[in-house]
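Step one of this worksheet: look at the structure below.
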Amino acid sequence: MRGVLGGVLLILLWEGMARGFALPSYTLPAVSEILGSIWIQRASLISGGATTLLEAVVGYGLGTTIGIGLAVLITVLPWSRTALLPVVMAVNSVPVAAYSPLVLLWFGIGVSSKIVMVTLAVGFTVFLSALAGFDRVDRRSVDLLRSFGAGQAAVLWRLRLPAALPLIAAGMRVATVRSLIVAIVTEMLGANSGLGWIIYQAVVQIDFVQVWSAIFVASAISLAFFGLIGWIERRVIFWR
Amino acid sequence: MSASLSAPAMRATGVWRHTAPVLLGLGRLVLGLAIAAAVWEGAVLAFGIRPEYLPRLSAILSTIAATPEAYAAGFLRTLLETLLGFAAGVLVGVLNGVLFLRAPVLRDMLFPIFVVSQTIPVIAFGALVVLWFGNTLLAKAVIAFYLTFFPVTVNTLLGLQSVDPRQVALLRSFGANGRQILFRLLLPTALPQIFVALRLGSSLSLVGAIVGEWFGDTTGLGVILLQAMYTEQVTVMWAAILCAALLGTGFYALVSLAERWLVFWGAEQ
Amino acid sequence: MQRRTLLAAAAVAPAILPAIARAQGTQKATLRLKWLAQTQFAGFYLAKARGYYEAEGIDLTINPGGPNLLTENLVATGADTFGLSGGTDSVFAAREKNLPVVCIGVSHQQTPFFFVTRADGPIRTLQDFRGKTITTWYTGANYVLLGMLAKAGLKPGDFTMQPQQVSVTPFVEGQIDVVTATKYNEFYTLMTRMGRDKLRTFVAEEQGITFPRDTLIVNETTARQKPEMVRGFLRASIKGWRDALRDQKAGVDAVMAAAPSLNRDHQEFMLVEAGKLMTAGAAAQQGLFWIDEAAIRSAHDFLREHEVIKQPIDLAKTYDGSFLAAIPAADRMA
């Protein structure tokens, strides 16, 4: 309820500023104007949103799987940590945005280049969270469990995974939002559909109300995705 | 005489005990990178990969050697923006976390707005950023800040909330005040969780700085990258990526080092 | 009125600096380019390096552009004083959206891009575009292409048109049949990778379509309140461009100083091509930055015809040649 109140206050402030100071729409359009434009252009926004969401969700699924998988691999096979971690870290330390020109060159301007970019961004976020979570376990507990003859897999399942779940969950929630942003940013650099493409087109045509409309739709989709993953996680973690 | 010698000597071994694994890790990193470099150079030669897709590492390095001052200037500029944005993001993030713990009303009101703010792609309103902050270093630092403060806020709050309420009650029963509880119990307990966000934030703030430079800047790794991308100077593009990797790895290593000292060392005492 | 008050209020802080500077005889101003530093803008960099702006009492900062930065927007809001913006097309779009910008000069007199096919491929005439895959920029070039093909009797469904990505590699590798290239940038990449004799070009002017681009703009307030500064800026810029076109090495040097990671060969080529575009058409007789009313009207009518702009634009108000006219014709010649 308080969240709604905060949101309403913000919107009122925005609307008041835009109307009170009669700001031109190229500085900041009023919220009501943006909502009206969203309704008028709903058809193109829905199809653009669907493309972006598809890219984000597929990339998110792949990225989460790869991220957790890699963290599990490094935890179960300690020798692989020495070999893999430095390379992963070096690749990760380059901002995702820097890879976008190369990924566009390699995978073209279609949906696949965006999925690759989202997978990269989500994968690293989830990997870092999962690894930190697996490492969080007290060494003595591990030794104790191992002294009872438990293998790495058992330690992982019984001890490390439960301890890591909250961190993995936090990483996965942060990653939802990143997945959409990365999809949109990549679309802005080269695409033929999606919300990022709509934003790019609108900027070129100097239609700022449309830019904001697309941003609003992107925000709404991100929030829904964020909420959905949060809801699923609450169920899974409580169930465990 | 012997007493005055032994104290620093002991401290030195103590320091060595904590730096040794770091140096060892650094050695492994160098080795790993050397192997990666050899594989890179070898693969391009062996499979005849064309330079448009992946140039040889040696070609990239000689590109940097041709105009080293351009890359050095870009590196320093991007580093400064990253550090400013990161520092501001960490400060605000931790403050937010503490504030939200103390005032749940604020948390409930502001947190959803923060979440919404993070769903907006910064690049979409690049013009607004230039409009509000001008063509300054500050504009880039602001974007780095914007990407950093949210994960830090989330993890600080999570870490603070994970403190056992019985421990708080115990300290309070000994007469500890709010500030003592915060600095002696809450923040130290939350530190490992905060550091997860700091490591994430170290790369996010670099993303922010580089993307920020795409809004009409004159120097920076982001500028070199963008210029190379549109004039199809693939080796220059890779050179900028390598510089960004160096910056990112270095920064990440520093944050990890700080974590080792603050978290693990702190826990031992 | 309110709008202006706010803009004025927002400009208070930066306005203090020019006030101080004016006391010393110079005033601060910025020029926002349409893209990052390259020899397409050599004259401005050279004019700055040689102190021509200072001599006119202007302390000029050159701000590069970038993707998703709109020069018209930054000039309209007063964030930048001068702008070298997209072209006649983006100025029309800005005026249609009520952005108070005025064009004070046009740099590229002719369409700076053309459409490129393989010389040994099946496409010999515009009619051969039927059934082919074409990539182009959806920022104005797409309408030029549609217009050219319409004159050749092709309708939008007769060919596949796709947005062009950053790289020309898909064309080089034969994945697409027609690529759009600026004469000074993408075409250089194509030539170095495929060879000039392997390429066939289709030029808009051959079909009677002209799209003057790279427009110099200011906002209405600047044009009204500081006409002497606008004239000074034009005088200094033209002087810089005359130098850059005559002594191209100096022009390239001035740009390379600002962006050392650029490829010098490419930049030299770009300056030659930029020079050709700047001295083409009416500029050959009237001098640099000439506003060719006929060419602008034809671009306007063309975009109206394709309903890219919904309302007719008041061309007399949008394109103001008076600042340029104040400079003697002999001083404007390249």
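Placed from the backbone N, Cα and C atoms, the Cβ positions cover glycine too.
The transmembrane segment annotation in TrEMBL covers B:20-45 (among others). Within its own chain, the transmembrane segment (B:20-45) is flanked in space by residues 54-58, 249, 253, 257, 260, which lie at least six positions past its ends and keep a Cβ under 8 Å from the stretch.
Remote same-chain partners of the transmembrane segment (B:57-76), defined as residues 6 or more beyond its termini with a Cβ less than 8 Å from a stretch Cβ, comprise 37, 40-41, 44, 51, 219-221, 223-224, 235-236, 238-240, 242-243, 246-247. Residues annotated as transmembrane segment in TrEMBL: B:57-76 (among others).
Here TrEMBL flags B:75-259 as domain 'ABC transmembrane type-1'.
Residues or ranges marked as transmembrane segment by TrEMBL: B:82-101 (among others). Sequence-remote contacts of a segment are chain residues at least 6 beyond its ends whose Cβ falls under 8 Å from one of its Cβ atoms, and for the transmembrane segment (B:82-101) they are 107, 110-111, 114, 137, 140-153, 155-157, 159-161, 182, 186-187, 190, 194, 197-198, 201-202, 205-206, 208-209, 247, 251.
Here the transmembrane segment (B:113-133) has Cβ contacts under 8 Å with residues 96, 139, 142-143, 146-147, 150, 153, 208, 211-212, 214-216 of the same chain, all six or more residues outside its ends. Residues or ranges marked as transmembrane segment by TrEMBL: B:113-133 (among others).
Sequence-distant contacts of the transmembrane segment (B:139-160) (same chain, at least 6 residues past either end, Cβ-Cβ under 8 Å): 81-82, 84-86, 88-90, 92-94, 96-98, 100-101, 107, 114-115, 117-118, 122, 129-130, 132-133, 186-187, 189-194, 196-198, 200-201, 204-209, 211-213, 215, 217, 220. If you look up TrEMBL, you'll see B:139-160 (among others) marked as transmembrane segment.
Note on the transmembrane segment (B:181-200): residues 90, 93-94, 97-98, 101, 151-152, 154-156, 158-160, 162-163, 167-168, 171-172, 252, 255-256, 258-259, 262-263, 266 of its chain, located 6 or more positions outside it, place their CB under 8 angstroms from a CB of the stretch. What TrEMBL records for B:181-200 (among others) is transmembrane segment.
Sequence annotations record features per position, and here TrEMBL assigns transmembrane segment to B:206-228 (among others).
The transmembrane segment feature in TrEMBL is assigned to B:235-255 (among others). For the transmembrane segment (B:235-255), the residues of the chain that approach it from at least six positions outside its boundaries are 26, 29, 51, 54-55, 59-61, 63-64, 71, 74-75, 78-79, 82, 86, 195, 198-199, 202-203, 206, 210, 221, 224-225, 227-229, judged by C-beta separation under 8 angstroms.
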